[in-house]
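So the structure is just underneath, and the comments pick up after that.
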Amino acid sequence: MKKRCLITGGAGFIGSHLAEELVKRGHPVTIVDNFYKGKSKYHEELTGNIPIIPISILDKNSMHELVNQHDVVFHLAAILGVKTTMEKSIELIETNFDGTRNILQAALKGKKKVIFASTSEVYGKGTPPFSEDDDRLYGATSKIRWSYAICKTLEETLCLGYALQGLPVTIVRYFNIYGPRAKDGPYAGVIPRFIRAALQGDDLLVYGDGKQTRCFTYVSDAVEATIAAMDEKVNGEIINIGSEDEKSIQEVAQDIHQLTHSSSKIVHVPFEKVYPHGFEEIPNRKPDVTKLKEMCQFHPNVSWEQGLKETIQWFREIEND
């Protein structure tokens, strides 16, 4: 059955890929996005004549009206990123929590399905692999880098509270998604930052010793898993979306350096030279994807090398525009 889908943050990295895939599958899609970080060239790439409504999720009346016009809400809109968290923690907490509350309040009236985009950050300083029901351990309140994780945890709790009131909601926790259209500015994730540097001949800056590990998931795989969360059998569930393939940040830099045939150097930089006071690095982050496999019958399709090549190619193309 085709569903009318509303995607908050749908002009962003994951949201834009999700919108296009839903349209391909025959679902009518509407995007809500306030272009918090500005418009990018890739917004011109969006296919399928998808309407984009440029409003904030804090606009309660507009969001209530839009939610009621749709069957499913993919709530991806958020202020995010470690550096943004460090510099704009108040704005982040107020926007993310209040926006999510607006969505849930609107959805409850008509029992609209909500897929809430959370993050692997909520696992804090625990020991991987992280399972959805694991306890959390965060740093001291003075460590501002945890404000995003704590806010997302509170939003998850709010989602589950609404689930107890009968709202069909599923929480998905993303683990390091990468691919074409990923942000490549000063607040970029490590992969787009490395690719941009490699293509421009700049140093690839590895923070710390580079031994910290992450599990990277190509965006089309993340989208496939997110769409699977529409199924009513995962209502009220929390599901990790990620890969089990661990890579050290040093390995990531080396692989990108090799695939781009770059003349750049790989340079190590202490964390304290990059982030303000209150930063705390997480050495390892790996998901337990048992629930993803069993409840969503999902397995990644895109290999690490293939995903990197496609991402690099996209960055080459926008460099030449």
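For all residues, glycine too, the Cβ spot is worked out from N, Cα and C.
Copied over from Swiss-Prot, here are the features:
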ACT_SITE  Y148  active site, proton acceptor
BINDING   G12, F13, I14, D33, N34, Y36, G38, L76, T95, A117, Y148, K152  NAD(+) binding site
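All protein chains included, the residue listed as 'active site, proton acceptor' registers 24 other Cβ atoms within 10 Å of its own Cβ. Note: the CA-CA distance between I14 (NAD(+) binding site) and the residue listed as 'active site, proton acceptor' rounds to 18 Å. Distance from the CA of T95 (NAD(+) binding site) to the CA of the residue listed as 'active site, proton acceptor' is 11 Å. Taking the Cβ of G12 (NAD(+) binding site) as centre and 10 Å as the limit, one finds 27 other Cβ atoms among all the protein chains shown. In the three-state DSSP scheme, G12 (NAD(+) binding site) falls into the coil class. Other Cβ atoms within 10 Å of the Cβ of N34 (NAD(+) binding site) number 18 in total over all chains. Counting every protein chain shown, 20 other Cβ atoms lie within 10 Å of the Cβ of T95 (NAD(+) binding site). Of all the Cβ atoms in the protein chains shown, 23 others lie within 10 Å of the Cβ of I14 (NAD(+) binding site).
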